Amino acid sequence: MQFITVALTLIALASASPIATNVEKPSELEARQLNSVRNDLISGNAAACPSVILIFARASGEVGNMGLSAGTNVASALEREFRNDIWVQGVGDPYDAALSPNFLPAGTTQGAIDEAKRMFTLANTKCPNAAVVAGGYSQGTAVMFNAVSEMPAAVQDQIKGVVLFGYTKNLQNRGRIPDFPTEKTEVYCNASDAVCFGTLFLLPAHFLYTTESSIAAPNWLIRQIRAA
C-alpha cells in the first residue's frame with residue numbers, strides 16, 4: 001500500500017515544475033542559461049578550457065539534461081559570477097529522469113550513474129586544471145552521490161564542491177556523500193521535505209528550493225572555487 005501511495009504521489013506531481021525559477025530578464029550573456037539542455041563540456045574545445053565547470057543532474061520529470069529549476073538557477077548565478085569563463089553540463093541519456101528508478105536501491109539507474117561518472121572523467125581529461133563543481137536535485141542527488149563517491153581520488157580532488165537539493169538518500173547517507181569530503185558537500189533539505197528523511201513521499205516542501213538554488217548554493221560554490 002505504501003508503494004502505491006508513493007507511486008501515485010510521484011505521478012501526480014511529475015508534471016509540476018519542481019522549483020519555480022526566479023531569474024532576471026536575460027541579458028545577451030544570460031540567454032543561454034534558460035536553455036534546459038547544456039553540453040558545454042561535451043562540445044567544448046580542450047584548447048579553450050574555462051576556469052570552472054558545472055555538472056548538474058536534474059530531478060525526475062524535468063526536461064532536457066538540466067531541467068528548468070534548480071539546475072538553471074545554479075548555472076545562472078555561476079555564469080553571472082564567472083561570465084564566459086565557465087562551462088555548464090547536464091547529465092543526459094541514458095539518464096532520462098524517469099520516476100520508477102527512484103525506487104531502486106541506488107535511487108536511480110546504473111546507466112545514469114555511469115553517465116555522470118563519464119562527465120566527471122571527461123572534465124578531468126579535457127580540462128584537468130578547471131575547478132569542477134556539481135549539483136543534483138531530487139533523483140539527481142542520487143545520480144550525483146553515487147557518481148562522486150565512485151570516482152578515483154584524482155577526479156575527486158578536482159571537484160571543489162557538490163550541492164544537493166532534496167537529497168533522496170539524505171537519511172541513509174547521514175547527510176553526506178560516502179567516501180567524499182564533508183567539507184566539499186552542501187545539502188539543502190527543507191524541514192518538511194519528506195524525501196530527506198527516508199521516504200519518497202513528495203510534499204510541497206520538496207518543490208521549494210528556489211532561494212537555495214539561486215542564492216545560497218551558488219554563493220557557497222563560489223567560495224569553494226575561490227578557496228581552491
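Sequential numbering from 1, following the chain as shown.
Cβ coordinates come from backbone N, Cα and C, glycine included.
In Swiss-Prot, the cysteine linked to Cys189 by a disulfide bond, out of Cys127, Cys196, is Cys196.
A gap of 30 Å separates the Cα atoms of Cys49 (disulfide bond) and Ser138 (active site, nucleophile).
Cys127 (disulfide bond) sits 34 Å from Cys196 (disulfide bond), taking the Cα positions as reference. Counting every protein chain shown, 22 other Cβ atoms lie within 10 Å of the Cβ of Cys189 (disulfide bond). DSSP assigns Cys127 (disulfide bond) to coil in the three-state reduction, outside any helix or strand.
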